[in-house]
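Undergrad: Attaching a single structure in structure tokens format; questions to follow.
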Amino acid sequence: MPSLWSSSSKGSVFVGLCLIRSISFTLPHSSSVKYHIQMARSALDETSDSGAFTRTASTFRNSISRGPNSQFPAESGRYHLYISYACPWASRCLAYLKIKGLEKAISFTSVKPIWERTKESDEHMGWVFPATDTEEPGAEPDPLNGAKSIRELYELASTNYTGKYTVPVLWDKKLKTIVNNESSEIIRMFNVEFNEIAENPALDLYPSHLQAQIDQTNEWVYNLINNGVYKCGFATKQEPYDVAVKQLYEALDKCEEILGKQRYICGNAFSEADIRLFVTLIRFDEVYAVHFKCNKKLLREHPNLFNYTKDIFQIPGISSTVNMQHIKRHYYGSHPTINPFGIIPQGPNIDYSSPHDRERFST
Ligand SMILES: N[C@@H](CCC(=O)N[C@@H](CS)C(=O)NCC(=O)O)C(=O)O
């Protein structure tokens, strides 16, 4: 397979890699479950012939639960969360881990920010661990399996896995497998299933009276904003880019209007929908505006959205989940089809710990 990193043949290589095939397989520890996945080796392969970015679904979809007969019971010390600080999906899991007070119950490790070769025998580029504690501030060697890459963890969990090697990965130390690699499900587990051991069990970010509203908000926020910025950035033709940008800015305008009337996106109570929106907003001006060509209007030109982002950043525990060095180095350094020389823009270095005006709303 030709290398995506070969600058002399970028265009044709990219088109050549846009082959997505289907495959069915069974994972260990879930004998009755057949997984049907779309083969794509990285996000860079997820562009169709029309030039539009289409994300493939996550594969490992087991649940940790409090139930007595659970295959994956909510035990302290049993699970490990593998993340990249760069990744918005992994960061929302880490945000939950922090605000629910699960740090003693669930350990976590971040990989290095810039994708590297994961094997000598092929060209795949992906998340890798540093060799030592000091090599990369914020990242650590894999403490459980001594894996060199996230890919190795997927290969330990399943011998015939051929999908993407994504973070987050929720790992079971006892069964030595991946419980779940879908962040929207991991955060729901963290919200309630560990309440007997969480330091903050009373915090419910998906309360029953708000569930319908949160689900409905998540739907458009995911499609138009969280994934919307990727649709802008990974489009390989003008038209899908134009469509994605239009939809993104309509959705941001909608948020700006909602946040002019209430403190949070689903009312005056902080909820799951806020964490899901926040992880994209915090990356917006530093990365997406430049790297993904979302520059029609900056986040800091939306007064309500900008102050809202600061408000959430200042919730205890959240700022520690934002490592802007990792975020910038990852995006600008890992997508050679978008930024072939890996130059990292110097600005804008926004201080999200500065005062905001969101206390004007009652909570
Ligand atoms: N559906 C997944 C998406 C995770 C995802 O796309 N992670 C990206 C990083 S932001 C990744 O690991 N990509 C690896 C690759 O594309 O090879 C989730 O929300 O958990």
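Each Cβ is built from the backbone N, Cα and C atoms, and glycine gets one as well.
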Undergrad: Which candidate from W115, W127 does TrEMBL annotate alongside K164, Y165, T166, V167, E182, S183 at the glutathione binding site?
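TA: So, going by the record in TrEMBL, that would be W127.
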Undergrad: With Y230 (active site, proton donor/acceptor) as the reference Cα, tell me which of the recorded positions C87, T166, S183, Y288, Y331 is the closest one.
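TA: Checked the recorded positions C87, T166, S183, Y288, Y331; minimum Cα distance to Y230 (active site, proton donor/acceptor) goes to Y288.
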Undergrad: Spatially, which candidate from the recorded positions C87, Y288, Y331 is nearest to K164 (glutathione binding site), comparing Cα atoms?
TA: C87
Undergrad: Give me the mean pLDDT over the domain 'GST C-terminal' (207-334), rounded to a whole number.
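TA: Here the predicted model's pLDDT, averaged over the domain 'GST C-terminal' (207-334), is 98.
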Undergrad: Determine, using Cα-Cα distances only, which of these recorded positions is closest to S183 (glutathione binding site): C87, Y288, Y331.
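TA: Looking at Cα distances from S183 (glutathione binding site), the smallest one goes to C87.
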